[in-house]
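Notes follow the structure.
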């Protein structure tokens, strides 16, 4: 064999960091068409001709260490620790930690497959292939992983079939290289004393800390230093390694950071010579590997006498229902799952904590309604209106009824439609702004505490589905132009057009479902009109049916949104996630709130009047609000939908679905279930390994479902809170349970997610801001149109003879002559109340039949209309002014934190300058004065 030439350095304007990363993973930097450069390693001749599923042993591929790297850097005992148990979190040698696991199935076969190492053609890169093609790609990929510096340990594949696992370990050299490339901040030896509070601030802070001490997690789970000083964090650099607080190289980087670094290598490693053949995501999409995941830190339940591992601490301190009143151990969550998941639970925790004051205020508003129920003049007048005959609620079958029959619903309506409803709406609008401003401050504190300051998102690799669509165009055009190939604009515009039309169609489906429930309510109400209390039965069944339809459409819309996003084929995962989130939010927002908007703003508004009703279908006129009014029905609708969605969708399905999927996965993991069952029967034999137990867990599918259910709940809490003051309390109770359910799901039911860094909650913050603005408008119209607040106010200050609400009910009802009914619409029995009815009353502001222009809107109608319009304008502008004022007086960065960051930057800059001067020999290092 001829000796290979050393690879030439890539040409072009590239930074040293980019060239270093390219050398590490074999990525070309010259541009399209440039061949990848790979470090040369010696390989034994036996390894290239042996069985392709067995040639990947560490001994074969790393028979000689790289130049300048001693063997002790590859296989080295944990400093300060003994040998660990193999099959848990370490290689078989018991020293090297498993940072990542790759899994793939071994198909049933009679004879070993002999595969020659041949170059791959372009056309087969993204097409279904046989097992031999997958074997070649695994072989090339794992060879490149070893050349990138990782240590590999693989299962012996002498078994007939089943699952095979490849375990990866990142040595110090790789960890330090990528920590520098990814600009990961780590603690240095440089420390400074934290500023202590003095005076009354110190006393108030100490009292506060003493008060909330029972709510804090245990000190072990909290993971917060109690020392009055802090180690300054700085971007890791190999040249300045002596500056960092490295007591043990094996434990310097957290396991989550180690898995993040290995994942970066997996994303950038090639499995073919072609430009698009990069990354573990592509290989999983092609079926070369089944899964790639970091391992959980042991069992989540263990012996109490043994010091718990981080997973056990999370399960005990975070997932325990008995500790629902305690704060979350955010630092432990961040260290175990990464900053992105930690940021979500920090946001959820702040949202839940701030729901406490809004719940208390809402409860006070509700209790005010309870205690003033018997003193409310309008509801008392309704209960005493035995001589007021109301017009029938439907044609022919419905009868005349007394206004006093609606006494209970009038009393109940007062619980939510009273004098303090406006105050509560203003409070909740300001509360939403206060919550967002507090989250911005909390976000900055977390960025500082978690060393995310200065973190910038790097350019992402294209998604495998995007690369798959580019194969033909890349083959046809890359050799002609040498430029990056993109999807044709026609194809992109077509996909966007299809998505837009489909979303509009789904909106139509939602409206059709609402209309179907309306028709059900009308037809059943007409059929049951002869029975007493039929209205409550119809309303209850209609709302329950509407809830079932919402839950079903939610599941359908999730699949539709994913299909449309796949059709558009975004280039990167971030673009894909943003587009999917936008579609999911639009579809589920409309689905969840369509029926509520109908009750709030449309029901009873377009029904006409007696004698000139508007009909939805022959014999079925448009429905009007019940005896208790539209706000009463809106409250019932909102409470059932909100409680039903949270109970069924957010809790029951979150508990049941992962367990069901885990059971199905155990039975379909290519013989793994059978192997585990055999080992379970043989108690003396080996037990399940950590990677086998993690494989059958549910894969982590992202935070979008978690965020979305909370965003929809946030809409219930803010948008229609004027009609249901107990909404914050329901949300609070749900979220206290939700946090513990999510904790158990992440710790117990899901594979450990790859740790991702994130400075904020992304697009969800903009959605929250949009909902906050919508809530101001909606609450203004709910108070002005749906409730009786404006009519009561107009009557009290313009029409009441004594400035009270006495006589309001009679003033708010118009009179109709029953002889003016359209033929066929009058009640069958005109003596249902024991006497012949000549006039009946209905809710509207129209002239009496004996006026010059009967049934025309009277002056009171226009006074109320003007008052409603003025209220909406004043309410919105007042809230906008207060909201902007709150945003102005609350700084995004706390003053103490801002001063602390500036002080740290100055100290660190002085230390770096001092070290540079020492290196140049200008000053001498004093180790006692200068820790660096």
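Just so it is clear, glycine is given a Cβ too, placed from its N, Cα and C backbone atoms.
Taking TrEMBL as the reference, the stretch among 403-419, 420-436, 437-453, 454-470 described by the feature transmembrane segment is residues 420-436. Looking at 373-402, 493-522, 613-642, 643-672, the stretch flagged in TrEMBL as transmembrane segment turns out to be 493-522. TrEMBL lists transmembrane segment for one of the ranges 751-770, 771-790, 791-810, namely 771-790.
When TrEMBL is compared with the stretches 567-584, 585-602, 675-692, the one noted as transmembrane segment is 585-602. Per TrEMBL, the range carrying the annotation transmembrane segment out of 710-737, 822-849 is 710-737. Looking at the stretches 92-113, 114-135, the one that TrEMBL records under the feature region 'Disordered' is 114-135. Below 8 angstroms of C-beta separation, residues 425-426, 429-430, 433, 776-777, 779-781, 783-785, 790-791, 793-794, 798-799, 811, 844-846 of the same chain, each at least six residues beyond the ends of the transmembrane segment (860-882), sit close to that stretch. When Cβ-Cβ distances below 8 Å are used as the criterion, the transmembrane segment (585-602) is approached by residues 503, 506-507, 510-511, 513-514, 517-518, 546, 550, 553-554, 557-558, 560-561, 630, 633-634, 637-638, 641, 645, 708, 711-712, 715, 719-720, 723, 767, 778, 781-782, 785-786 of the same chain, each at least six residues removed from its ends. Listed as Cβ neighbours of the transmembrane segment (344-371) (distance under 8 Å, sequence separation of 6 or more from its ends, same chain) are residues 327-328, 330, 333, 414-416, 418, 420-421, 423-424, 427-428, 431, 434-435, 438-439, 442, 446, 703, 706-707, 710, 714, 717, 721, 725-729, 731-732, 735-736, 738-739, 742, 761.
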